[in-house]
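Enquirer: Starting off with a structure, shown below.
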Amino acid sequence: MNKKIKLLAEKSPLTYKVLNKCSKSKARKGVMMLRETKPVETPVFMPVGTQGTLKGVLVDQLKVDDMNCQIMLGNTYHLGLRPGTEILQKAGGLHNFMGWDRALLTDSGGFQMVSLLELAEITEEGVKFKSPFDGSESMLTPEESINIQNTIGADIIMQLDDVVKTTTTGPRVEEAMLRTIRWIDRCLEANNRNDDQSIFPIVQGGLNPELRKQCAEALTERNVRGYAVGGLSGGESKNDFWKIVSLSTDKLPADKPRYLMGVGFAADLVVCVALGIDMFDCVFPTRTARFGCALVRTGQLNLKHKTFEVDLSPIDDKCKCSTCKSYTRAFIHAISNDLMMCSLITIHNVSFQLQLMRDIREAIEKDEFPEFVKTFFDDLYPDTKPEWIVDALKSVNIEIQ
Amino acid sequence: MTKFVVESVSKYGGRIGLIKNVERLPDKTFKTPMLLYLHPQLSREVLELSGFELSKDFAISLPVSNVEQMEKPLEISGKGISDFWALKESLTFCSLKNGSIFSPSASQDKDSVPIYRKSERLNITPQRYMKMMEVFKPDFYTTLADGDSFKDCPKRRVAKASEKSRRFYEESVQLKKSSAVLKNSFMIGTIVGGFNEFERRKIVEEMNKKSEDVDGYFIDGLHRNGHEAAEIDVTSLKEIVSSTIAQLPQEKLKVMSGAYLPNVTLELIAQGIDLFDSSLVNLVTNANRAMVFNFNINKPAKLFPEIDLLDSKYKDDFKPFLEGCSCLACRKHTRAYTNHLLTTHELLGPMLLTIHNLHHYREFFATIRNAIASDKLKELTELISEQYQEAEGKLYYERKIDNKPGKYKENLIAKDFI
């Protein structure tokens, strides 16, 4: 290959490389190179900064060595409303607007519309909705979603998909899956910044394995740089959940990153990494922090509870986050009516998620992932382990019983 | 033990003092006039990333009304409250109430002063208060007093508050002497009595009987905190403060708390007040505003002192709050981003404002110290006063009441209040 072509190839806005594979399960460690931002190591958890900020946290706090957050998520629906595309355009995109020079991912806005707005209606053209401010009718088409995401300027952007509740059955599920495939083509066509923003298509198909397979296969034919698995984590049984995840990773190409949308409980992260997922996002760690809940490997602590009034240990004595370095559980308990509580626990919870992913990556690199998984679940469930976790891990040759 | 010395007095007003030999911080010297960071809500990491030099001259104020609940854990830990707050290298001050939160007049009894936590009334006695000081171990603290008075407060209320506070003062002195922990502590006598010179004199005379019992003076009871200090009548304030100070030993530390505007603060400094807290930073931040008043006497441009970042005119203004400001918020963020954060009620909005306002106000105090040392306090006062005169009546501060004692109306006086 001559030098010029090689340089051009390197200029792809997203290149993904698997660095290590677990010798038993489908877990893999990899690295995503994104244009003009630092590399993102996978498996990765992406904290959610819905409106262009993580609640009560400075971007500099996310960049300190012990935290080292490499990618964050923003919500297109919220950002499109406020500050709106006009201001984001003037600011030169969300990176500039919020002062974040690392990677960003935005969703399509469709999911929020369907879940937040009662009157949203999905047609072939797009998602029809009433403005929450003035009640006027508008339409979010696949093209419009990509337009907005082009203005926001995240490194990874998501296709508009037709989301149905996971518990939906019947022809609606198939309709949504087929429409999602039709919409990815419209999204790819509409992308004006294909050379610096990568669209991920989304595998849909509810809990029906056949539909999921069909969707994954169809999406694989498109020229894209990564894939997402959507429509899960919405109240379906865990037994159905893991099977669909596993089936989807089987069908998706091994040389591209796979993103499982909306999943972020520690146990789910560990299981789904074993099933071959590389990227996750979830509001849970940051949302629960606002209610005084801190995450630890054995579950979570509600620091507002009286039991912590005189507990002079840090949230987790092994944790390296700035909260655990400086403050005790008793202190956080004592300030649970003050603004600082949210900031302190958010920092810890995000750090908890990122540290878990770091430990996972390290275990995969040393090919000790199955042992890691066993220890992790022994700590989390010292007595009986949930059946679905045992089954899911058994399916990828990891025994934890 | 902790010492305060007046280093120099400028003939053009104001004085430079030094706080040194602090038992916990033997190598440090703190220069007055100084600003105490009131009830810190920026974490240690945020303060450090924002460029505040915690190891240098950082000083904090922790009001009992905010930290009463920390007595139990601190009793067990045996460490002081600044350690608990992860700011142990900061000079630490304790008093009863938070100067930034309006504290409506409440009914009083003879033996205690009420504070409110989560709408629950707690009656603080001198015994309980001094017990907290033993546990919190601040580097200096005020004595418990009944400061529930204000400009047009009924005379009988002032008389009762003054009488009660005299008793509390005597009790505090006794409690201090008999406490192994507090014996050598730096205790500041609280002087109350509204705008009534006669009542104030009575308490000062009590203190002056044995002036070695007290290490400084806290001039309190002039307002009920919050917006009341920002809107205080300056002429009567100056009169009462000046008559009070005239009766006090010159060489001792003088402290005031509350959101006095910068021009008023300068008048108080000219009279010899050494220590203030950052109540105004909280008030300005709560009003979604950034302080931008100019204190550079070499470039005496006059600016409107505060900008309202919730105003939609800033929604696409990508400039910093204040051109040339070196705080983290101005270096890394914009008015537009902050406008967005405030519009969407994101916690980072008030955080960025606090970072800027605290930085600006601390810089203002550094400038004041330089101005006093170079006999330029007058020029500085003129520059600041002109900017605030321009803004008179245009700066509204929210009536923020955190600990609501039941239903409250602005000037309502509870039946059993007097």
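Each residue, glycine too, has its Cβ placed from N, Cα and C.
Since we're looking at a predicted model, the values are computed, not measured.
Pasting the feature list from TrEMBL:
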BINDING   B:Cys325, B:Cys327, B:Cys330, B:His356  Zn(2+) binding site
DOMAIN    B:14-389  domain 'tRNA-guanine(15) transglycosylase-like'
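Describe each of these features in terms of where it is and what it packs against.
Expert: Counting only same-chain residues at least 6 apart in sequence, those with a Cβ under 8 Å from the Cβ of B:Cys330 (Zn(2+) binding site) are B:Pro320, B:Phe321, B:Leu322, B:His356. B:Cys330 (Zn(2+) binding site) falls within a helical segment according to DSSP.
The domain 'tRNA-guanine(15) transglycosylase-like' (B:14-389) scores a mean pLDDT of 96 in the predicted structure.
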Enquirer: For the binding-site residues listed here, B:Cys325, B:Cys327, which shows the highest count of neighbouring CB atoms within 10 A?
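Expert: In terms of Cβ crowding, the pick is B:Cys327.
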Enquirer: CB neighbours of B:His356 (Zn(2+) binding site) within 10 A?
Expert: 28
Enquirer: Excluding B:Cys325, B:Cys327, B:Cys330, B:His356, please set out which residues of the same chain place their CB within 8 Å of the center of the CB atoms of the Zn(2+) site, keeping sequence order.
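Expert: Leaving out the recorded residues gives B:Ala290, B:Pro320, B:Phe321, B:Leu322, B:Ser326, B:Leu328, B:Ala329, B:Arg331, B:Ile355, B:His359, B:His360.
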Enquirer: Reduced to three states, what secondary structure does DSSP give B:Cys325 (Zn(2+) binding site)?
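Expert: For B:Cys325 (Zn(2+) binding site) - judged by DSSP and reduced to three states - the answer is coil.
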